[in-house]
Amino acid sequence: MAAEKSSSRGQAWFCTTGLPTDIVIEVGEMSFHLHKFPLMSKSRKLHQLITEIEQKNGADGEEEEIEEVEEDFHHIPLPDFPGGAEIFEAAAKFCYGVKIEITAWNAAALRCAAEYLEMTEEFAEENLVSRTERFLAQSVLRSPRESVKALKSCEALLPMAEDLGLVQRCVESIATRPASADMSSLFGWPIKEGSSGRAAAAADAKLQSAAAALWNGIDTGIRRKNGLRSTAASAAAAVAVDSWFEDLAALSLPFYKRVISAMRAKDLNADVIEGSLISYAKRSIPGLSRSNRHHNASTAAAASSGPLPSEAEQRELLETVITNLPQSKKKSSSSSSGLVTTRFLFGLLRTANILRASEASRTALERRIASQLEHATLDDLLMPSYSYLVETLYDVDCVERIVGFFLEGLEERPATAAAAEEDADDDGDGEEEAGSSLCTDKNKLLVVGKLVDTYLSEIASDANLKPDKFCNLALSLPDHARMFDDGLYRSVDVYLKAHPRITEEEKERVCGVMDCQKLTLEACTHAAQNERLPLRAVVQVLFFEQLQLRRAIAGTLMAAEHEEDEEEEEDEAAEGERREGAGGGGGGDTGEPGAEARHGQHAEPGAGAGEGVLEDEEGDREDGPRGGGGGGGGRPGKAGQTVRLQVRHAGVRFAPPDGGGAEEVMKEDQQMA
């Protein structure tokens, strides 16, 4: 066929067989000048239309014999032809016996065109219906990626594609094939075919990193682990998976919802569903991530042929993504759950607040974030407040709810761990798993405690942040979530500096969120000189600072006494061995009495002398650490005097030299506390 431009109608197509055409078929703005016999031999619908026109013209032909040229041409309009002029051209070529190319992109359209023209097997052998059905079954529906292409083409073929079952068959193919295969060996098509430049760049990078495993195209066997495939094959599979996710992201929302529902019904791997949802959200929701907001907006605009989706469409899309996100894996391990990162979830939450998504969707998203809150950063928590009813700069209420959900998850986890321990009693691993779970939960709580303290320090400078809201968030965590309260003291100091006009009662309430006993010496020193703190808080800080200093000195004394005791025990042991050796020599002349002396029994005078020496040594050991005088206790007495001299210079009241040592100090500290 050849094309000629017409001035009256956009374009006209002519069949260049050398014979004059006798029928004109109009599809949209295109006019096809064809011959009726090839069309009538393949299409029942065209056969009936041409026959009706000829019969009508035959009845009126006797009156209009002058216009012979007009009688030779039959005009047949085909409104709403599936696939448009391009697909009709392929169907017309098939009627003329010309070989046509059937691909995943036009197979569904050709199948609908064949149904529209009634090109069935009953009317002619090897007709277009059987050809397209065979191609769909053998080539398209066996490959998830080809099925995605066919499903995408069905968007312009509704409702005929739905009536013919093409949509459902493609959806089932997409959901069934991945469910019956492993992710690493799922895709077998070429690495890149018509994908975006960003994905192509990622493919090149992965393949270049895998090139070290190949030499002249031969697998060298390096970079293998546990018998897995080479790095090059793994990189190719990873790129293929990314490309498949991008193809799925090109679907319209109704079709995509059907695909995701089918995947969930097939109990597909959660990582596949998560990866697909992430790719679809990033492609379809502009400005999802603050770091690459402009890039996402341009990508979404370029990906869609029409304008950007409306606010209602974006809200529906967002709620679809949130609803279909798989539940996080409730394990005791510290690994992150699946492919969904905390940053991505916070991006969804910001978008949900902007689009005013449903309360159920936002609550589900907050619970999902709480399940992996230990992986969040300060930038994630700093979510602006988009409601005109809230005066604060950041959405503090949302963070407080997320922290509450996080604590609920920690409370539920011990019960789950106890049940798992009962199930694992037969294997003998239940106690170890329960212990590791508790240890992991404790570490998570400490990480979240530091994160909340950093967040409080950041939002404390907001002039519209009320004391009650600040205190509620600070007190939302239990006491054991913080080893030290230095971070909390910093946030209190920032808040008092940014709110100088609050009352003394409010200042005391704000300072009451921190425990002065958990402040380090550096923080206590700073707080004691902080003029912004109320007087009661300063007194508490000074008291506990003195208490910490006394305990530190008492600990030093106890360590010194313990070291002296060890040295004396070593000296006594050496002296005892020497005395024992001397007693054994005397007993050799008398026989048995020497043996009795070695066993500590009353015997000869030699044994009595040894006993007197031991008594003197024991007396020195008892008096040595506390005595300041002579004998074996002279050196320990000097050490004790030195420590006491340091205490007096420190200005701390201490026990007298004969008052019992460090033990009395500890008892007095407990009474003061």
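For all residues, glycine too, the Cβ spot is worked out from N, Cα and C.
Matching 38-58, 59-79, 311-331, 416-436 against TrEMBL, the residues noted as region 'Disordered' span 416-436. Counting residues of the domain 'BTB' (21-104) by DSSP class, helix then strand then coil, yields 41 helix, 14 strand, 29 coil. Note: the compositional bias 'Acidic residues' (562-574) comprises 13 helix, 0 strand, 0 coil (DSSP; helix = H, G, I, strand = E, B).
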